[in-house]
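Engineer: My structure is below; once you've seen it, I'll send some questions.
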Amino acid sequence: MMSKSVNLGGMNRLELPESLRALNVLSFNLKLLRFFGILIDYSRSSSRWEVPLYLMLQSGIVFLHAQHVICTMVEMYILRDRPQDVGDGFIFLIAHVKNVMKLGTLIVYRTKFISLINSLERNYFVHERPHTDTELPLLESYMRLTKRLAMYVWISYALTTSSIYFNTPPRPKFDIESNSTMSGEQMTIRRESGMKEWLPFQAIETPYFELVTAYELLSMTAYFGCVTLMNITFLALIIYTTAQFAVLANALQQAATNVSKMLNNHVNYSLSSTTVDASGSNTELSEGKQDFRPENRTATNYDSEDTDSSHSPRTQLIRCASRSTFFADSVKRSSGKVGFHEEMQKYLSQCVKHHQILLDYSKLLDRSVSPVMFMQMLCTAVLLAFIGVLLSTATDSARYIRAVSFLGYVLMEFGMICWIATELQVQ
């Protein structure tokens, strides 16, 4: 499992290994969000029909969110004489308002979120080199954490929609209703929604009863699916930003080791023109220059018949070659120390530049998700207070269990966000 470099137009772009790219939940989320007409990059539209189509999809999902808010308010007004049902409706209303804020944030700051997602993979690389053996497991741990949390959220979505499907009451039989005391109002008897929402044609004897019921279930499925995608997207962005800072921290901790490995890969590079290679031939000799070693030297007119003379040209040339070899070894040892400090300075300088890039990225993320986080805090505070009132005034065990389930869901969602945000702050 190694990072790879891809050549694009003469430029090398580093990419994560396929095993890590498969763990990226944002790529899957982005495809589904585009299905709902959200986070669309209109500049890449290849057909003139794509933009109107995406705008229609976006209008449809906006309509679903608005429908849940308005229909919940109408249902609360209809049930105004039943305080417990009004309380349940108020909890759903607060949740719908929070989801509307998330959708509006993604639509208004569409270009910012697209920029954040597109620059994620590039920010995983501190230096223009593949990841080290310590950086890859670190990235994998954060991506696996995101995937596990995403699976948990999807399981919650599946359980919620399944409970709504299974708890949908069938059409009551007319002969049972005719024996009741409300025989004069049979045409106005309504089927109450499990989500405390009013919809037209909910009367029991309307010919559109099954059609409205099917529309309610399908609209809830699409609505909660979009909400799940938005929650996972915000969560993944925060976790992946934390992973970027974690990789930078690891690069600083392993600075000496990484620089030493980089130098070992380029050792003898600066002295390659003066040192002897493994085959025993000098690199300068390959260029056609005179070889003064005794076994390879060619005869010259400077050779003296007295080969033992210390003042002969042959002896002087051999001594000169020996001094050159000793000087090259000395330069190599000294340049190794100088090269390490120079490489370390370049390494740390690149870390500082990358840290500035991550700070700009985190500021952009903060500006983009601040409205969502503010609404999350506000809605959580209101829901905790209101659920406490419901728990203290519950008259039967069923309502008490429902209020406890509401409380658990609110605490789980808020606690998960606080945990991930704390990890980001620590990094």
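Any Cβ shown, glycine's included, is placed from N, Cα and C.
So TrEMBL lists the following for this protein:
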- 149-166: transmembrane segment (TRANSMEM)
- 217-240: transmembrane segment (TRANSMEM)
- 275-314: region 'Disordered' (REGION)
- 275-285: compositional bias 'Polar residues' (COMPBIAS)
- 286-296: compositional bias 'Basic and acidic residues' (COMPBIAS)
- 372-394: transmembrane segment (TRANSMEM)
- 400-421: transmembrane segment (TRANSMEM)
Engineer: So which of 149-166, 372-394, 400-421 is most in touch with the transmembrane segment (217-240), counting Cβ pairs under 8 Å?
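Structural biologist: Per the Cβ count, the answer is 149-166.
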Engineer: Take the transmembrane segment (149-166) and find every residue of the same chain, 6 or more past its ends, with a Cβ under 8 Å from one of its Cβ atoms.
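Structural biologist: The answer is 25, 194-195, 217, 220-221, 224-225, 228, 231-232, 235-236, 239, 416.
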Engineer: Short question: which residues 6 or more past the ends of the transmembrane segment (400-421) have a Cβ under 8 Å from it?
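Structural biologist: Residues 88, 91, 149, 231, 235, 238-239, 242, 373, 376, 380, 383-384, 387, 390-391, 394 contact the transmembrane segment (400-421) from elsewhere in the chain.
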